[in-house]
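Working notes, beginning with the structure itself.
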Amino acid sequence: MISSERMAAVDANAAALGVPSKQLMESSGNAVARAVRSASDPGDAVALVCGRGNNGGDAFVAARFLADRDVTVHLLGRPESIGTAIARENWEALHAAEIPSETVADSADFDLGSPAVVVDAVLGTGVSGTLREPARTAVEEINASGGRGGESGGDGAIVIAVDVPSGVDADTGEPTGGDGAVAVDADRVVTFHDAKPGLERLEADVTVADIGIPAAAERYTGPGDLLGLGRSPDSHKGENGEVLVVGGGPYTGAPSLSARAALRAGADLARVACPASVADEIQGYSADLIVRPLPGESLGPDHFDRVAELAADQDVVVIGPGMGNAEASLEFVRRFLADFSGRAVVDADALRVVPEVETDAELICTPHQGELRGMGGETAADPNERAELVRAFAAEVGHTLLVKGRYDVIASDDGETVRQNRTGNPGMTVGGTGDVLAGTVGALAAQTDPRTAQTDPRTTQTDRNAARTDPFQAAAAGAYVNGLAGDAAAEANGHGLVATDLIDRLPDALYDE
Ligand SMILES: NC(=O)C1=CN([C@@H]2O[C@H](COP(=O)(O)OP(=O)(O)OC[C@H]3O[C@@H](n4cnc5c(N)ncnc54)[C@H](O)[C@@H]3O)[C@@H](O)[C@H]2O)[C@H](O)CC1
Ligand SMILES: [K+]
């Protein structure tokens, strides 16, 4: 089962793996043609009703595979306004092949005739809102032509929908125009790659066609995993996330790297709460950070009130970098996590505390293999076996996990979703790259998802968490871009790369795909 959002990501990942959408469209069209053939006889009239997006494009391809049927392609709108290059190329190929087609400039002129089969390729997953003309009339004509919804009581044409009946939301099965809005009532649906939750709720007979998307496009992160992370063009300071890094004491570099990575990964503000003994040093590394000194030389339970107060205004807390493993510091983390209900990335020595703590916080834990074992998790040499172990352990602890390794493994807090990341290189075993990753994930988890943005200041912490990028998605995207930045750094510096090389390359990795 796959959501439309994930489907779009997998599509982009497939293209990055060398299987571009045009190739997928060829398979989609072929699958539709097979369904048409099984529903008709040679010589039968087949009407393909096509919109100007890729859903229509699938039907242009299908028409080429139906040489022994009496095919007519109806294009809704002008050919010049076909929206995508691949659909346009297939429209042109149709002409070159002399396949009969007509363009429907005015919906009043639309005449479907009385074919044996109607292919509904008006709209696929690209639909939004109430159907506009000429799509609306076309959908009504399709429904009137036959099928269960037809005036002829089921004796008319067989309606085969491409990917999803036009006007239906593939995620919910509801009309996109709202309750009772017009949508195609299909007899059959040929959907691509995987089942869609909304289609299960329809009466139509749904088949899933394998269109050749490689399994790796789902198993591994890719550019598709960055979709939906774009910041809104009219956002103001603070809207793209404020991150608080809590750490330092025995070390100064780690919290600084995390906080600077958070800024480069798009956070508007990065603060560091650290022992006063190292505050000047951490500030000295960078003018971009806001440093909040805590009395003493290492984190301890006395800092709880102050850190809880600082954390309350933050989108994400990154806790652990460079804090060391003194018992008092671990006790501080226990108290902090037990009380916290926001979102936190937990790294380094703070990780071992996680399995002991009952918390309402939404945690993203970023252990390497050794730290995972320290948390009570298991690991394995085989990447797929390791992925399975991490998935099960994420469900057990109830938090998102990002386990670092040659192949990173990301698992959702319910253990339902697991993904691997294979960007990165052996040069990244140098100290500090994990701190960069924690800050990067923190920044991505701090962004507001533009699709669920919630701007009312009275909203609760839970509402605010819900409006942000999904934690699994933030972790997967973070692992992917951290590895890309590492690969760019290795290109320049080989195995001599250092963690700060990654930080400067994060913006390109994130936004210049
Ligand atoms: N990986 C795959 O699954 C592949 C899927 N393919 C097919 O592509 C469509 C999705 O294509 P897309 O171009 O994104 O969108 P659509 O064709 O569904 O529609 C875009 C088109 O529709 C217009 N539009 C949007 N809303 C409305 C409305 N309410 N009323 C009227 N018109 C509307 C919009 O302006 C655009 O012009 C997917 O379903 C598959 O069929 C490919 O084969 C590649 C592989
Ligand atoms: K359709």
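Using N, Cα and C of the backbone, Cβ positions are placed for all residues, glycine too.
As given in TrEMBL:
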type     : residues                                               : note
DOMAIN   : 7-219                                                  : domain 'YjeF N-terminal'
BINDING  : 54-58, 124-130, Asp163, Ala254, Gly322, His368, Asp435 : (6S)-NADPHX binding site
BINDING  : Asn55, Asp120, Ser166                                  : K(+) binding site
DOMAIN   : 221-513                                                : domain 'YjeF C-terminal'
BINDING  : Gly434                                                 : AMP binding site
REGION   : 447-468                                                : region 'Disordered'
COMPBIAS : 449-464                                                : compositional bias 'Polar residues'
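Annotated features, which come from TrEMBL, shown on the structure.
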residue	record	CB count, 10 Å
Asn54	(6S)-NADPHX binding site	26
Asn55	K(+) binding site	25
Gly57	(6S)-NADPHX binding site	31
Asp120	K(+) binding site	35
Thr125	(6S)-NADPHX binding site	23
Ser128	(6S)-NADPHX binding site	9
Asp163	(6S)-NADPHX binding site	28
Ser166	K(+) binding site	27
His368	(6S)-NADPHX binding site	19
Gly434	AMP binding site	24
Item to check | Residue pair Ser166 (K(+) binding site), His368 ((6S)-NADPHX binding site) - Cα distance, angstrom, rounded | outcome: 47
Checklist entry - Which binding-site residues of Asn54, Asp120, Ser166, His368, Gly434 contact ligand 1 in the sense of C-beta under 6 Å? => result Asn54
Checklist entry - When the Cβ positions of the binding-site residues Asn55, Asp120, Gly434 are compared with the atoms of ligand 2, which fall under 6 Å? => result Asn55, Asp120
Item to check | Segment confidence, the domain 'YjeF C-terminal' (221-513), expressed as mean pLDDT | outcome: 92
Checklist entry - Near Gly434 (AMP binding site), meaning Cα within 10 Å, which of Asn55, Gly57, Asp163, His368 (binding-site residues)? => result His368
Checklist entry - Quick one: Cα separation, Gly57 ((6S)-NADPHX binding site) versus Asp120 (K(+) binding site), in Å? => result 12
Item to check | Asn54, Ser128, Asp163, His368 screened against Asp120 (K(+) binding site), Cα within 10 Å - retained binding-site residues | outcome: Asp163
Checklist entry - Reported as an integer number of Å, what is the Cα distance between Asp163 ((6S)-NADPHX binding site) and Asn55 (K(+) binding site)? => result 8
